[in-house]
Amino acid sequence: MQPTAEQFTEQAWAAIVAAQQLAQASRHQQLETEHLLLALLRQNGLAGRILSKTGVDVTTFEASVEGHLQRLPSLGSAPDSVFLGRSLNKALDRAEQRRDGFGDSFIAIEHLLLALAEDDRCGRQLLSQAGVTTNTLKEAITAVRGNQTVTDQNPEATYESLAKYGRDLTAAARDGQLDPVIGRDEEIRRTIQILSRRTKNNPVLIGEPGVGKTAIVEGLAQRIVNGDVPQALQNRQLITLDMGALIAGAKYRGEFEERLKAVLKEVTTSDGQIVLFIDEIHTVVGAGASGGAMDASNLLKPMLARGELRCIGATTLDEHRQHIEKDPALERRFQQVLVDQPTVPDTISILRGLKERYEVHHGVRIADSALVAAAMLSSRYITDRFLPDKAIDLVDESAARLKMEITSKPEQIDEIDRKILQLEMEKLSLGRESDSASQERLQRIERELAELGEQQSSLNAQWQSEKGAIDQLSALKEEIERVQLQVEQAKRNYDLNKAAELEYGTLATLQRQLQEQEDLLEDEDGTDKTLLREEVTEDDIAEVIAKWTGIPVARLVQSEMEKLLQLEDDLHQRVIGQNQAVTAVADAIQRSRAGLSDPNRPIASFLFLGPTGVGKTELSKALANRLFDSDDAMVRIDMSEYMEKHTVSRLIGAPPGYVGYEAGGQLTEAVRRRPYAVILFDEVEKAHPDVFNVMLQILDDGRVTDGQGRTVDFTNTVLILTSNIGSQSILELAGDPEQHTAMEQRVNEALKAKFRPEFLNRLDDQIIFRSLEKEELRRIVSLQVERLRSRLEQRKLDLQLSDIAADWLATIGFDPVYGARPLKRAIQRELETPIAKAILAGQLSEGQTVQVDAGDDKLSIS
C-alpha cells in the first residue's frame, strides 16, 4: 500500500515520518521495518507502554534495534529521497488487516506493532529475542486499550485514561505513602454507608478549608487496603481524578469531553471495582463549557443517578453554595457529609499520630508538649484558619526551623571563624611593619590565633560528632518506618513467617538501637555543653506563631519580665500627672502577657476623658512605643471622619454590591494584618451614634464580621477611646479635692447623655484625666527640651537650659483649659525659633553649646 496521512492516527503517521527522517540520517536508500520499529520506540508513547506491559526492558530493546540498524549497508551521503522497502510495504498491509480485525477506522500504533511482530525481516526475530510473542503483544494491547475502538485520529489520549489523569490512592496506601488518619471515624463510616447504596451512592465531603476532607478519603483508602471495610468495598480501587491534567492541553472543541468520557467509561466498565474521588468537585461545574461545548457535570449526571459511577467529592462550604447548589440536578445526586473542625483535644491526637512521620522527614525529635502547644496556641491566636491544618503547619515549620539550625554552622563556631579572619587580616597588615610596638602586637595576635585555632578545631569536632549522632538517629527512624511497612505488607499477603521474622527480629533490633541512641543524646542534652538542639519544644512553636501573627506568645524571658514590671514607670516618665490612667493601662498589659486575660475579649478597653492637651493621645502613643518600639505602631481611627451614618461601612468595609466592597474596612483590615495592636479611637464623641453599634461586639466578644463576611479577631488588641465630654466640669472642679466626687458624677451624667448604657457597660474602665498643675508642666518642659536637645545633636550642637528659663517657660505656657499644648507652642515660639534663626545666620557652629537663660520677661540665648 502507498501510505497517506488520512489512513493513520496522528501518532502512527508521526512515527512513519520519523522513520523516514531516520533512514535519511542513517544514509539508507530504503525505508524498512527496523526504521519504523526504532521510530515507534523513540516516541516514548504507546509502543513503549505496550512493550513494558509484556515485561520488556524498553531501553535495552531500543539499543538492540539500533545495533541491528547500524549493521545495514549505507550510502556515502544522505539520499535526497527514500524508497519504501518491500518488508515495510507488507507490514503496512498487515497493519491494515489488523485495523479491520479490531473494527477500527484508522491504522494506530498497536496495529503497526502487531504487523512488525510478524515481520520476517527483523521484527519477529528481535521481539522473540526479547521474549515477546504475538499473543503476549495482543494481551498487552487489550490491557492498555480495553474494549475501545479507534474512531478518530487521536485515540491514544483515551487509552489508560485513569493512569494518565488519576492517582491510585489505594496503591499509595499500600506503599505507605499516605499519612496516618487519626479519628474521623464517624465521617468515614458515613462515607462508606453512602458508597454502599444501590443508587446515588456518591458522598460529597463539605467543610472549611483545612479541616481534613482529603484526609478522610485517604483514611478510606487505608481501610480498603487493610480490609477494614464492608463487602461492598472489599478490594476496590480508590482513584483521585486530576481535573487540571484532564483539562490541560485540550486544544480542540470536544477533546476535553472525549478524555472525560474515556475516564468515565473505564470506571463504569470496571463493574464497581473503581471508586472515583474528585477533589475540589466544584471545578467540574462549568469545566470545558466554552464556545458551546458541554459542561463536564452534565456528562457525570446520568451515571451518578443510575449508580454506575461511584464518586466521592470534596469541596468547601462557600464553593458548594456558589457552584453546586446552583445546579439542583447535580446537587441531588450527591449525599452531603459535613466535616466539622476537630476540637483541640482531637487535634492533639491527630498531631500525635503524625508526629513520627514529621520526625523522620525532618530528622529531629518533637516533644509532646510542643504538639499540645501547637494545637492550643493555633486555636487561640490563628483565627482565620482551621484545625488541624494550622496546627500541623506549625509543627512542620517549627521542625523545619530546627533542622535548618542543625545543618547551619553553630553561632559559637561562626564567631570564632570571624574572629580568626579578622586577626589574620591584622597579622598580614602588621607583617609589613618593622617597629617594636607592631612586632609585639604581631606576637600577641599569633598567640591568640593559636588559642582560637585550638578552640575552633575542638568545637568543629564536637559539632560534627553531634551532627553525626542526630543523622544516625534519623537514619534509624527511616529504617524502622521501612521495616514496619514491610511487616504490614507481609501480614496483608498472609506471609506470617516473614512478618514474624521482621517484627521480632529486625524491627526489635532497630528499636533497641534507636532507644540506646536516644538515651545517649538525652544524656548529652542534659549538659550545657551541647552545640545543637535536636528536639522541637513548645518555645519553638510559640516563636513560629509570633513570626506568623506578630503576637508575642513566647515564654517570657527574664529581660522581658523586667521590661513588663517596669512598664508603669516607663509610661510615667513620658505621661506626666495621670497616675490612675497609667496604672490601669500597665495592669491590663501585664495581665495579658502573664496569660491571665479573658481569651474571648480584647486585652483591655478604656475610655479616656478629660480636657484637651492633658495626655490622652500621648498615653496611647507611649504604650504603642513600649510594646512595639514605635509611636506609629498603633491603629489610629480619627472619629471626626465618621460623622455621617453611612461612614460605618468605612470601618468594617462596604457590603456586597457597593463600591469599595473589595477594599475592606479601615479598622478590620488593619487588625487582620496586625492582630496585636493598640487601637486608638480619637475624639469618639464626634462620631455618629450608629458607629458605636459596631463597637459593641468588639468590646464584648472581641470580634466583628467585616463587609466580606470574615470574622476579625480583636482579642489581642488594646482599645483606647478618647473624648472631651465633661471636660468643662473637670476644669471647674478638678482643683478642689473635696469636689472630686461631684466632678465624677457630673462627668458620668454627661457620658450617659451622649452614649447608650450598653456601650458604656462594655468598657473595662472610664478614666478621668485631671487638668495639669504648674509643677507637672515644669516636668513637661524638661521632656520637651530633651526632645529638642536630641534634634540639635544631629547638627552637632548641645543645649543647656537653666532652671529659671524652665520655670519661665512653664509659667507662660500654663493654661488649665488647654493643657500642655500652649506650652508646646511657647517652646516653639520662645526657644526653637530664636535657635533656628541663629543657625541660619551662622552664629552657631558645630560643637557649640547653646546656653538658655531667662531675664526681663524673655529668654536669652548665647
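Backbone N, Cα and C atoms are what each Cβ position is placed from, and that goes for glycine too.
Per DSSP, the secondary structure of the domain 'Clp R' (5-147) breaks down as 95 helix, 6 strand, 42 coil. What Swiss-Prot records for 5-147 is domain 'Clp R'.
Taken from Swiss-Prot, the feature region 'Repeat 2' covers 84-147.
Per Swiss-Prot, the feature region 'NBD1' maps to 160-341; the stated evidence is similarity to another entry.
Every protein chain shown contributes to the tally, and the Cβ of Gly207 (ATP 1 binding site) ends up with 21 other Cβ atoms within 10 Å. In the three-state DSSP assignment, the secondary structure recorded for Gly207 (ATP 1 binding site) is coil. Taken from Swiss-Prot, the feature ATP 1 binding site applies to Gly207, Glu208, Pro209, Gly210, Val211, Gly212, Lys213, Thr214, supported by similarity to another entry.
What Swiss-Prot records for 342-550 is region 'Linker'.
For 392-526, the entry in Swiss-Prot reads coiled coil, with the evidence type similarity to another entry. Residues belonging to the coiled coil (392-526) score a mean pLDDT of 75 in the model.
Annotation comment: Swiss-Prot describes 560-771 as region 'NBD2', evidence class similarity to another entry.
Cβ-based neighbour count (10 Å, all protein chains) for Thr617 (ATP 2 binding site) stands at 18. DSSP gives Thr617 (ATP 2 binding site) a helix state. Here Swiss-Prot flags Gly610, Pro611, Thr612, Gly613, Val614, Gly615, Lys616, Thr617 as ATP 2 binding site.
Marked as region 'C-terminal' by Swiss-Prot on the basis of similarity to another entry: 772-862. Broken down by DSSP into helix, strand and coil, the region 'C-terminal' (772-862) contains 50 helix, 15 strand, 26 coil.
Excluding Gly610, Pro611, Thr612, Gly613, Val614, Gly615, Lys616, Thr617 themselves, the residues of that chain whose CB lies within 8 A of the CB mean position for the ATP 2 site are, in sequence, Phe608, Glu618, Thr722, Asn724, Phe769, Gly819, Ala820. Same-chain neighbours of the ATP 1 site beyond Gly207, Glu208, Pro209, Gly210, Val211, Gly212, Lys213, Thr214, judged by a C-beta within 8 angstroms of the site's C-beta center, are, in sequence order, Ala215, Thr316, Val339, Phe386, Asp389. Secondary structure from DSSP puts Gly212 (ATP 1 binding site) in coil.
Gly207 (ATP 1 binding site) sits 45 Å from Thr617 (ATP 2 binding site), taking the Cα positions as reference. Taking Cβ-Cβ distances under 8 Å and a sequence gap of 6 or more within the same chain, the neighbours of Gly210 (ATP 1 binding site) are Arg385, Phe386, Leu387, Pro388, Asp389, Lys390. Cα to Cα, Gly212 (ATP 1 binding site) and Pro611 (ATP 2 binding site) are separated by 56 Å. Its own atom aside, the Cβ of Pro611 (ATP 2 binding site) has 22 Cβ atoms within 10 angstroms in the protein chains shown.
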